[in-house]
Structures are given as C-alpha cells and as structure tokens.
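**Q** Please see the structure below; I have some questions.
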Amino acid sequence: MASKPAAGKSRGEKRKRVVLTLKEKIDICTRLEKGESRKALMQEYNVGMSTLYDIRAHKAQLLRFFASSDSNKALEQRRTLHTPKLEHLDRVLYEWFLGKRSEGVPVSGPMLIEKAKDFYEQMQLTEPCVFSGGWLWRFKARHGIKKLDASSEKQSADHQAAEQFCAFFRSLAAEHGLSAEQVYNADETGLFWRCLPNPTPEGGAVPGPKQGKDRLTVLMCANATGSHRLKPLAIGKCSGPRAFKGIQHLPVAYKAQGNAWVDKEIFSDWFHHIFVPSVREHFRTIGLPEDSKAVLLLDSSRAHPQEAELVSSNVFTIFLPASVASLVQPMEQGIRRDFMRNFINPPVPLQGPHARYNMNDAIFSVACAWNAVPSHVFRRAWRKLWPSVAFAEGSSSEEELEAECFPVKPHNKSFAHILELVKEGSSCPGQLRQRQAASWGVAGREAEGGRPPAATSPAEVVWSSEKTPKADQDGRGDPGEGEEVAWEQAAVAFDAVLRFAERQPCFSAQEVGQLRALRAVFRSQQQETVGLEDVVVTSPEELAIPKCCLEASTET
C-alpha cells in the first residue's frame, strides 16, 4: 500500500526524498515509544508513514550502533547502517584499533591504513580496495570514531546519551515483555588479594622479601532482582594452583589467563557454558518456560566478543555505550561497592608460621562477599536504567532485607541456633596482631553503619569452659575427657578437619563453606579469650563476627 503524503503537501505534489540522520531516527523511535502522534512526526521530519515503520523496524540495529559509537557526532553525520564490502576486514581492523586505544597507544591515520593493508594481505583477499583518505574517513564515520589520538579508552560521561539509552532499554524490555527476572548485568573487577599492608615494626620497614600482590579478575553476574546470582568466575594466572590440589568443590568457576584478565575466548566460553545453562535452570526453578527470553547487559570492552557471537536461542546481549556505562550500569550503582566492602582481604606476611592464606582462601572470600550483597542493593542498582524494577518492592520487604543483612544475634541459644549463626562466619585466615586488628575492626564497624560488636558472643555458648560437660559421678569419664586442649592445638585440629573435608567428595560445597565459617568463629573467640598480641585472627571483621558468609559455595 502506498504511503500517504506527508501533512502539508497536496496530493498532486511529489514529496522530496528525505534521508534522516541516525540521530533523527533514534529521536523518532524515542518519541514513538512515548506515544507521540505519527502524523505530527511525519509533518516535522517530512517523511511518509512507511518511513516511520521502517525506522521502527530497525530500532535494534540503531541501538547496537549507538552502543558502540565513540560519540554522538557519528549519529549526527551518518545516515545509513550499510555494511562495508570487506566486512570481515573492517571488523578485525576495528578490534585492533580498540585494543591499541585501550593500551593508550596513539594510532594515526597512516598507521591505520598500513594496518588495513597488512590485514588485507594476511587474509589473502582478492576483492579490490583502495585504502585512501576517503576510505579512512568512511571507516571513522562507520564506527563513530571521533579522534584517533586514543589517549584513553575511558570516555567522559554523556548524560544526554544516557537518557537516550535508558529510553531505548525500557522500550526494548516492553517490546519483548521482559521481567526483572530475565534481565542480567555482568561486569569484571580486579582484586589484589595479597595487597593489604602488613604489620610493621614501629619506625622500620618490613624485613624480608617484598610482599606479593597476586591478582584475580572476578566476573560477577546477576539479574535485576538479585534472586539469581551466578557463581563468580575467577581468572588467575596459574592454570593449576597448588592450593586447589585435591579440592573437590570450588565456590567459583576458575579459569587461567597469562595476565589474569578476561579475554574474548574466556568470556565466550563463560557465556555459552555457564551463563546460558544457569539462566535456563533458573527459569525452570521459578516456573518460566525454558525458551523465555533473557538479556545480558554489558559494557563496551575489548574483552567482550561481538554481539552476534553472544547469542544462544532466546538469550542475547546488549552493549552499553562507553560514555554511558559509568552513569547507568547497574554493577557501578552500588553492587561492586558492596562486594568490595564485603570482600575480606587480610594481610599475609611472607615469613612466619601462619603464612597460609592462599588462592583457595581468596576464592572462598570472593564467594562470601558476593553472596553477602543484599537483594535490595541489586534492585536499587537498576533505579536509573529501569526505575520500575527498583521501586517494585514495598517498604516492608526492604525492612526484611535489612534485617537479613544485619541480624540481631541472641546471647543464649541452643546449639542448633548456633549452627545457623556459624553460617555467617568468615573464611579468610591471615595473621594480624591485636593492636592492628582492633584499629582495623573499628574501621570495619564504621563501614557497616557503626554497629559495635556485642559484649558477649553467641559462640561462647559452644566454647566457654564453664559450659563444658562434667565427668560422671563415679569419676569415670570418656577416654581423654579430663585432658585440656590448648587453643593452639584446637586451631591445628580445625585446619586439619577443613583440609580433609575439602578433599573428600562426600562433603558438599555448602558443608565445606560451613566448616570454614565455623573455623572463623572459633578464631574470633580465641582472640577474645587469649588476648595475646600474636594470636592469629582471620580478619578485622571477625572481631565483630561478620554479617555474612551464608552458603558461600552455592548460587542463591
């Protein structure tokens, strides 16, 4: 059917062909989603009805280009989304350019042309192509490259672009009927898990070799409600850490990479073999059809493959523009901060008998910190991008969540209740003298809202000598019942039991995590009872018994 003539034109007058810029097309999509009149838009932009329908049909492609563009200037200049003839060469060259820019290496126009010629020869292409100044201009316009100086990959925040992207995202969610259970965000963060300062002699430096700064990259992913948190992916430098030898269950997925960074191969493997199966399993659990749609929101990073490679049936990805990610990406709106606050990273000196904090302890700490982030933090993190999700829950549920985060610990409970408390213990052994631990513990309590530790720990019910069962009236007790066990002996026994459980398949990952939590509570009680400066404590947070470590080895 022929489109109606634009408003203001007579039937006999032929309308002049108008080719809108990509920015104008995006504005039209946004205004259509807001419910503005089609006739008013036809008159304003001097286009026909068929043009409006065509623009709306290509909304997804417009969104992808908007997400990958370097600046709004590309949207104002470019009018079509036509792909180049040598599409594979164009994609490889653009990825090379992004890599150099992220490294801070300046890339000039002649350098880009020479690299394009090199790729052309390496790919053994036969289709003629002239790598001229015009070709360079079209390449920059095609990818929205504003400058080639590439001083940094980090882009300044663009509030106008953020508003446009938010409008697109909400319309996309409405178009596909997506709920908060079906929308995910993933992001990476680096952890130097041996990097905290070490207790030093007053007025002097630490003797011995320099303290190591072992690095982990952690990939975290969760949906908008926080009800589905995937097991974190930890990337280290070593393919087979000695600390993992014989371990039956790990609370995280682990991959090795030379620089402990996420690369495209690792991310693609995570997407197809961990993310997609986990999402479908979650859908089965909550009663959604397995073929329900799911969206993964990512920032623009050279470690992430192209969108076309991150698709599996009804599971697809959307990239945030570089100038928008810092403003609206959910992981940057409180989730990462809460995770880092929960992460326990004690100082571990390279000398002394207690230098046992290893990779295994670090990844258990990662799992504890990740599972400790309250659900309401996830919902609130989407308030800028998707306000309807952030305020979907009532105030009563928020109060319940606060109660879950900061439980009030009773002083006199049965052993069954104590075991429930034990799940909240920490799992990061280290060495810290009492003075440093006390000062660090004050800072930790201030970070948690100024909640001081209780005067009496519930763990005293278990370990207090006053509660120890007495021998029978006839003086005959069980074998070994009259022998006192020193704190140091008990600590060694705890370590031995934990090492044994970690290497036995009959113990589940959750049970191993609970043993670690129990050991943490024991060491906290040891610190309070013995009161010696050289007593080993697991972390400053344990002076107040950490609020979380519940099911560190399972997905919530």
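Placement of Cβ uses the backbone N, Cα and C atoms for every residue, glycine included.
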**Q** Among 38-58, 248-268, 269-289, 374-394, indicate the range for which Swiss-Prot gives the feature DNA-binding region.
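**A** My reading of Swiss-Prot: the DNA-binding region range is 38-58.
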**Q** Of the ranges 110-142, 308-340, 341-373, which one does Swiss-Prot list as DNA-binding region?
**A** 110-142
**Q** Of the residues Ser68, Ser301, Ser414, give the one that Swiss-Prot describes as phosphoserine.
**A** Ser414
**Q** Determine how many residues of the domain 'HTH CENPB-type' (77-149) DSSP places in helix, in strand and in coil.
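**A** Helix (H, G, I), strand (E, B), coil: 42 helix, 0 strand, 31 coil.
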**Q** Report the mean pLDDT of the predicted model across the domain 'DDE-1' (213-382), rounded to a whole number.
**A** 84
**Q** Using DSSP, what's the helix, strand and coil tally for the domain 'HTH psq-type' (11-62)?
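**A** For the domain 'HTH psq-type' (11-62), the helix, strand and coil counts are 33 helix, 0 strand, 19 coil.
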